[in-house]
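Taken straight from Swiss-Prot:
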type	residues	note
BINDING	8-15, 55-59, 116-119	GTP 1 binding site
BINDING	202-209, 249-253, 313-316	GTP 2 binding site
DOMAIN	2-164	domain 'EngA-type G 1'
DOMAIN	196-368	domain 'EngA-type G 2'
DOMAIN	369-453	domain 'KH-like'
Amino acid sequence: MQSIILIGKPNVGKSSLFNRMARQRIAITSDISGTTRDTNKTQIHIHSKKAMLIDSGGLDESDELFKNVKKNTLKVAKESDIILYLVDGKLAPDDEDRQFFYSLKKLGKPIALVVNKVDNKKDEERAWEFANFGVKEIFNLSVTHNVGLDELYEWLEKFLHEEFLIPDEEENLEDFLEHYEEGKEFQFKEVDQNHIRVGIVGRVNVGKSSLLNALVKQERSVVSSIAGTTIDPVNESVVHKDKVIEFVDTAGIRKRGKIQGLERFALNRTEKILSHSQIALLVLDAHEGFNELDERIAGLVAKHYLGVIIVLNKWDKSEMDFDKTVKELRLDRFKFLAYAPVISVSALSGKRVHVLLDKILQIFENFTQKIQTSKLNTLIENATRAHPLPHDYGKLVKIYYAVQYDLAPPKIALIMNRPKALHFSYKRYLQNQIRKEFNFEGVPLVIASRKKGSKENDES
């Protein structure tokens, strides 16, 4: 697995970028220079490829401690595959940054200059000054506002080779391919179609308990205006159209710096509950607005590959425009959950809460959907005919056949001659075509490419 290291002087936003790329808060972030002194690392995925992301300590000669941090950082950089050097876009380039950057460039590894904190037009104009670093790969970012990351991800993806799959999915896929006979329908795992497990998640005081009470029409959880009233997870089941829907009301997730005692335990329970859920109701506060913590909680949902419905609670108090809000969520804040339906409700008044029950049944049906192999391959043939697969350095890239190998969530294998040549943008095109033909609203769609007649996903 390739590794990506974030390097730069203190307080340029390395930890914030690390948290953004990891979709969770791992490194401590602060306005105080040099908050991160130790090396943090975590596995991430960029589009369909996985990598190890490393957050180094800040490069600074101002004290003895940071001299050691710099020495360690350079050592880790030598062992890494890709280097991202961060600078502060609100400050003019300085010779110290150039010196650090050139010393890293000599390592002969893929390296990019990341200009962070480019938050407005004035910052964009100033960022051009960094062109004198003499590097082609310069990316202007605003990590705080989640702007500019798509271009960076596309550049990084070119250097990553190892395909990302859900944990344990690699073994499942290889086992499937070993026993699958081309052209035959596959016997899927049994999923109880009459019992649906739904996790209710969101930050503190967005109205999760009120929503649960409205859904089951009784006071089951303690409801209060005090942030974080609900600590213990509460299960409640309802029967809707002959289906049992089991709800789990999770304790609200606070900002990490405020988590103490029972609240920290509740955060761990929340992730555990998601791991046992099939569908998540991601509850947002439409009256108070959205923040970075909402995005991190959404990242937990995406991490578990659940069916998902985004619930805009307290809509009766909101002044937001619904269409503009949905566009903001899908194109900006929750791009990785762009397939999720968005429903506005008022849990306290019960308005539109009933819509959620029907939507849960629909999403669960999509979540457990089985695609007939012949129909899937007809779609793939038509899609590749309309937009042929790009050649790989002059060599033909072919998809021999496609087959769904799992459900809940649905997973599709593309058997190819050159699986590594399948660019994420073409994979996304195929995903979009499949979503158009088959209803996968609210459901993640996993596509894995493999070499024909081999367990390997490469050219060897």
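Even glycines carry a Cβ here, placed using N, Cα and C.
According to DSSP, the domain 'KH-like' (369-453) comprises 31 helix, 22 strand, 32 coil. For the domain 'KH-like' (369-453), the model's pLDDT averages out at 93. Closest to ASN205 (GTP 2 binding site) by Cα-Cα distance, out of the binding-site residues GLY8, LYS14, SER56, VAL118, is LYS14. Using CA atoms as reference points, the binding-site residues GLY202, LYS208, TRP315 were checked against LYS14 (GTP 1 binding site), and the closest is GLY202.
LYS208 (GTP 2 binding site) falls within a helix when secondary structure is assigned with DSSP.
Distance between Cα atoms for SER56 (GTP 1 binding site) and GLY202 (GTP 2 binding site): 31 Å, as a whole number. A Cα-Cα distance of 38 Å separates TRP315 (GTP 2 binding site) from ASN11 (GTP 1 binding site).
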